[in-house]
Amino acid sequence: MGPTSPAARGQGRRWRPPPLPLLLPLSLLLLRAQLAVGNLAVGSPSAAEAPGSAQVAGLCGRLTLHRDLRTGRWEPDPQRSRRCLLDPQRVLEYCRQMYPELHIARVEQAAQAIPMERWCGGTRSGRCAHPHHEVVPFHCLPGEFVSEALLVPEGCRFLHQERMDQCESSTRRHQEAQEACSSQGLILHGSGMLLPCGSDRFRGVEYVCCPPPATPNPSGMAAGDPSTRSWPLGGRAEGGEDEEEVESFPQPVDDYFVEPPQAEEEEEEEEERAPPPSSHTPVMVSRVTPTPRPTDGVDVYFGMPGEIGEHEGFLRAKMDLEERRMRQINEVMREWAMADSQSKNLPKADRQALNEHFQSILQTLEEQVSGERQRLVETHATRVIALINDQRRAALEGFLAALQGDPPQAERVLMALRRYLRAEQKEQRHTLRHYQHVAAVDPEKAQQMRFQVQTHLQVIEERMNQSLGLLDQNPHLAQELRPQIQELLLAEHLGPSELDASVPGSSSEDKGSLQPPESKDDPPVTLPKGSTDQESSSSGREKLTPLEQYEQKVNASAPRGFPFHSSDIQRDELAPSGTGVSREALSGLLIMGAGGGSLIVLSLLLLRKKKPYGTISHGVVEVDPMLTLEEQQLRELQRHGYENPTYRFLEERP
């Protein structure tokens, strides 16, 4: 047989598949060719982006991309167009073209750029000159504008800016938020646009600023504008007193003042000025216990009064209350604007009812905020008075302890006396500043409380007179400390005479004619039933400590010997000597007085025989309404022959 041709040999054999080692390179080549022909830009969605959100992106000279709603991957334009997506109006048109089923109404540029891999710009080859790019996409948003809800982590602050005369892009508003946070030493945590005025144009921005990760404790950011800083949970700020006097509520409320500590006791011993041991307690508690702690200033002020200083707590609560009010008003205004845009086709009566509904919501909101303000002020006033009383009580206790030393040391007594006088002067300043504030916001109310304020200042001076009268028990010590005491009293003396000078427009001529306000609605002041019973008064006296009994006596007693005499209290020291009574008239008056006295004694003896257990009055005692509470206590104590145990203790000492 002759040799057969290759065709004949091929026809005689069956076809066999190529070996397996040849299939693997062929499949890889086919896959690479498909990727090159399709020219896909594989951009993995970032963690911050939802997989199915409608977005578009484009760079000049490269294929325009859009995001697939099902897979979340970036796909090239089906028509292989190359658009420069710079104008928001053109971006809106392209979004409507790529997502016709979503009814796109607006676009918004993303806050940060995202990476794009293998964006090769339509090349048929499998290689890219620049395989990686970063582009800022545009969000294609359907429906009306709704502001993004921002989360405020613990230690961060929520702020916002509105500029009705400027219509800027979202990128510019985002930059403004970053600059505002950076100016306070914070970093931007999140931002959202407010008040749209066009396609990707807005009149405001809301943002959240947080402390840097390297410094998680926000107490180091005390410097700066108090309206945007994170408030610490301890310590006091310098100069806070002036801030509180300026930043008062707009409505006439009774604001109170807590003075930040000043360098008043530089001469005191170092061990007496030790810092409180509980300054770092809140930090330790927050780390150990998993219970969430309130971050709002109002909740912290009402819920944890010991965690923060009174002055800082009141300022922070007042500021956070106003911020909360602004957030709630902005939310209501957004809902009102959305409802108004949706009700354009409704009848006029329905639209008017809708407006009245939102107006009632705003009015209710203002009433709630006003109630919170009043509650905040009342709580602050109560705590201020308690702080002042505690400071004065502690200072008085130290002064009594220094006097009871054996022998009393002049330096220690002077130091304790200085602390006590400063506590009393602080109460005087607080009373005057409160009166000045009320006179500025409500002159009528200030005129009504004028008599009470002057009486309170007189009581403070009487209390100082009685306390300094204790020095008479040691004449040598009183003579030695007399010059220093005079300097302390004259250095910063605030008495009833300062009341006229504290309010502009007041005259000193009205001081003598000052009368208590007449009010028909005020009920007559009555003493409690137990005040007339000797047994109940003695039992109540046993429950009091010697210091409390002394304070009651000092608050209601007349001045004794004291080197400082106020001209506003002791007005009758120089009696006129030009008046006199004839001898005949004097003898007649003495005879009539003796006869009347004998009748009174006889009547008392008869009544005592009828009532061997004494008189116990269970009725209402008529009290002169001109008397203050301290003067009423003075009369009642003098009726029962009350003696100060402190005086007796000092007099019976050897």
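Each Cβ is built from the backbone N, Cα and C atoms, and glycine gets one as well.
Note that the structure is predicted; figures quoted are calculated from it, not measured.
The Cu(2+) 2 binding site feature in Swiss-Prot is assigned to HIS565.
What Swiss-Prot records for 262-272 is compositional bias 'Acidic residues'.
Among the features that Swiss-Prot reports, compositional bias 'Basic and acidic residues' is placed at 508-523.
Here Swiss-Prot flags 50-212 as domain 'E1'.
The region 'GFLD subdomain' annotation in Swiss-Prot covers 50-146 and is backed by sequence analysis.
Across the region 'CuBD subdomain' (154-212), mean pLDDT in this model comes to 82. Look at Swiss-Prot and you will find 154-212 tagged as region 'CuBD subdomain'.
The region 'Disordered' feature in Swiss-Prot is assigned to 214-297 (among others).
Annotated region 'Heparin-binding' per Swiss-Prot: 314-346 (among others), in sequence order, evidence recorded as similarity to another entry.
Shown for the region 'Heparin-binding' (414-445): DSSP residue counts in helix, strand and coil, namely 31 helix, 0 strand, 1 coil. The region 'Heparin-binding' annotation in Swiss-Prot covers 414-445 (among others) and rests on similarity to another entry.
The region 'Collagen-binding' annotation in Swiss-Prot covers 446-463.
Swiss-Prot lists 497-580 (among others) with the feature region 'Disordered'.
The annotation region 'Interaction with DAB1' is assigned in Swiss-Prot to 636-652.
The feature region 'Interaction with DAB2' is assigned by Swiss-Prot to 640-654.
The motif 'Basolateral sorting signal' feature in Swiss-Prot is assigned to 608-619.
The transmembrane segment annotation in Swiss-Prot covers 585-607.
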Across the region 'Collagen-binding' (446-463), DSSP yields 17 helix, 0 strand, 1 coil
Per DSSP, the region 'CuBD subdomain' (154-212) contains 14 helix, 30 strand, 15 coil
